[in-house]
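Q: Not my notes, these are from Swiss-Prot:
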ACT_SITE  Cys86  active site, nucleophile
ACT_SITE  His181  active site
ACT_SITE  Glu183  active site
BINDING   Ser235, Gly236, Gly237, Val238, Asp239, Ser240, Ala241  ATP binding site
DOMAIN    9-207  domain 'Glutamine amidotransferase type-1'
DOMAIN    208-399  domain 'GMPS ATP-PPase'
Amino acid sequence: MLKDIHQHRILILDFSSQYAQLIARRVREIGVYCELMPCDIDEETIRDFNPHGIILSGGPETVTLSHTLRAPAFIFEIGCPVLGICYGMQTMAYQLGGKVNRTAKAEFGHAQLRVLNPAFLFDGIEDQVSPQGEPLLDVWMSHGDIVSELPPGFEATACTDNSPLAAMADFKRRFFGLQFHPEVTHTPQGHRILAHFVIHICQCIPNWTTKHIIEDSIRDIQEKVGKEQVIVGLSGGVDSAVTATLVHKAIGDQLVCVLVDTGLLRLNEVDEVLNVFQKHLGAKVICVDAKDRFMKALKGISDPEEKRKIAGEQFIRVFEEQAKKLNVKWLGQGTIYPDVIESAKTKTGKGHIIKTHHNVGGLPLNMELKLIEPLRELFKDEVRKLGLELGLPADLIYRHPFPGPGLAIRILGEVNAEYINILKQADAIFIEELKKSDYYHQVSQAFAVFMPLKSVGVKGDARHYGYIIALRAVKTVDFMTAQWADLPHEFLSKVSHRIVNEIKEVSRVVYDMTNKPPATIEWE
């Protein structure tokens, strides 16, 4: 019997927290569907979503300032359990009649939490026990404000040396507040605390599993498509691979895969992708040579957003032409949840655009094909789990992500054939050395970036002006936040040496040491 994977659901209201997506991932790991929405979402949208519980994220603001964000007041009146985390706890306390003040000593980092009342959230959870027999937890703090006076109906359920009210609860109304961050790995018992809220307090049934997601996706594809054909664009990445596999599992020979050779793929990628999909998927694969088309469309374009939109436009036009030849009505795309969030295309359209993804905001408005996006609700780690469950090879599943517009957004400014050729070679050297040194699977994404600037160097006995190549490698789980990869200097030196010696047009190699945030993973 098919499970309704969306029946039990948690709503996360985001107060611009750097950890908001991490909260969502933790809830998904518990096995319950959740969505992330802006904290100023309208009442109708929340009621339509019909959550079993609501989580208020942390945030960078100070609650007591008049202009700062507030939780929608009605959520405290609908009988739904609410969990406030950090800023979320503070705004809940403030809005319900408590007091919030600046703390004399801000807490950032590790703290030891003393549990005063373990009921519900802390039941059976401890890292240590105090001499008085009280449960002690190691937690991660990041705050400069504290709840100084509880709202009516609340009691203190935990404290730290610097925060007498480090956790609070109104058991009757099922409102809970945590001053610390249970979603981060630095709070070892955080997963269990969130599970207590989601499973025991909100009484959600954990139906959000890989097996159930696959079953639901197949059913959804079959119901939407019927007997019609679907065209899926392949890029060599995990998202398009899992999309194609899901669609193929749902409708079999009604699927036609199209690999568009844009001229902007990595070195030898066209042959590699064709080999993988014809061997492992057994689906019909058409390769379209569109190199001239893409180069002509991108000529003279330097703006990153324009390049993304042009790439999206050209992809769709190629697919539409192939679809007309084959009488196909549907386009399957590997859009995933982080694409949706970053493109600010949530269900309400609210949010600030970080960058437009070519398969979200970059799609033309007059597109003739109907869209099917089976991965749209999934984070990258969930997509990979699906791929493994579907039997795709691990090398493909854990291949580093590659953007839809390809090397066009790894070349700063205008794209031309010379720049593409240089970048392909540099990127291939970097990836080859990562694999030879067994670092490839220790980082989540790695690539080279071409900078159309010339820097002076010396080759032989002569001065040499050549281009600059930047190397980027990051570690991440969900691609919403990322840390730059601290690769050994000896390794980076070897890669740099090869690039400047094997590519005569390059005179300098630099390494990007910026996290996300503040930077994005891609340079454009």
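Including glycine, each Cβ sits where the backbone N, Cα and C put it.
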Q: What count of other C-beta atoms do you get within 10 angstroms of the C-beta of Cys86 (active site, nucleophile), across all chains shown?
A: 26
Q: Are there any residues in the same chain, six or more apart in sequence, whose C-beta is under 8 angstroms from the C-beta of Gly237 (ATP binding site), and if so which?
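A: Spatial neighbours, sequence-distant, of Gly237 (ATP binding site): Gly334, Arg399, Pro401, Phe402.
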Q: Starting from the Cβ of Ser235 (ATP binding site), draw a 10 Å sphere and report how many other Cβ atoms land inside it.
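A: Around the Cβ of Ser235 (ATP binding site), 22 other Cβ atoms lie within 10 Å.
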Q: Relative to the Cβ position of Val238 (ATP binding site), how many further Cβ atoms are located within 10 Å?
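A: Step by step: centre on the Cβ of Val238 (ATP binding site), count other Cβ atoms within 10 Å, giving 24.
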Q: Across the domain 'GMPS ATP-PPase' (208-399), what does the pLDDT come to on average, as a whole number?
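A: It averages 84.
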Q: To the nearest Å, how far is the Cα of Ser235 (ATP binding site) from the Cα of the residue listed as 'active site, nucleophile'?
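A: About 41 Å separates the two Cα atoms.
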Q: I'd like to confirm something. Which of the recorded positions, Cys86, Gly236, Val238, Ser240, Ala241, has a Cα closest to the Cα of His181 (active site)?
A: Cys86
Q: To the nearest whole angstrom, what is the C-alpha distance linking Ala241 (ATP binding site) and Cys86 (active site, nucleophile)?
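A: If we compare the Cα positions of Ala241 (ATP binding site) and Cys86 (active site, nucleophile), the gap is 39 Å.
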Q: Check each residue in the chain of Gly236 (ATP binding site) that is at least six apart in sequence and keep those whose C-beta is under 8 Å from its C-beta; list them in sequence order.
A: Leu265, Arg266, Glu269, Glu272, Val273, Val276, Arg399, Phe402
Q: Do me a favour and check the Cα-Cα span between Val238 (ATP binding site) and Glu183 (active site); whole Å is fine.
A: 26
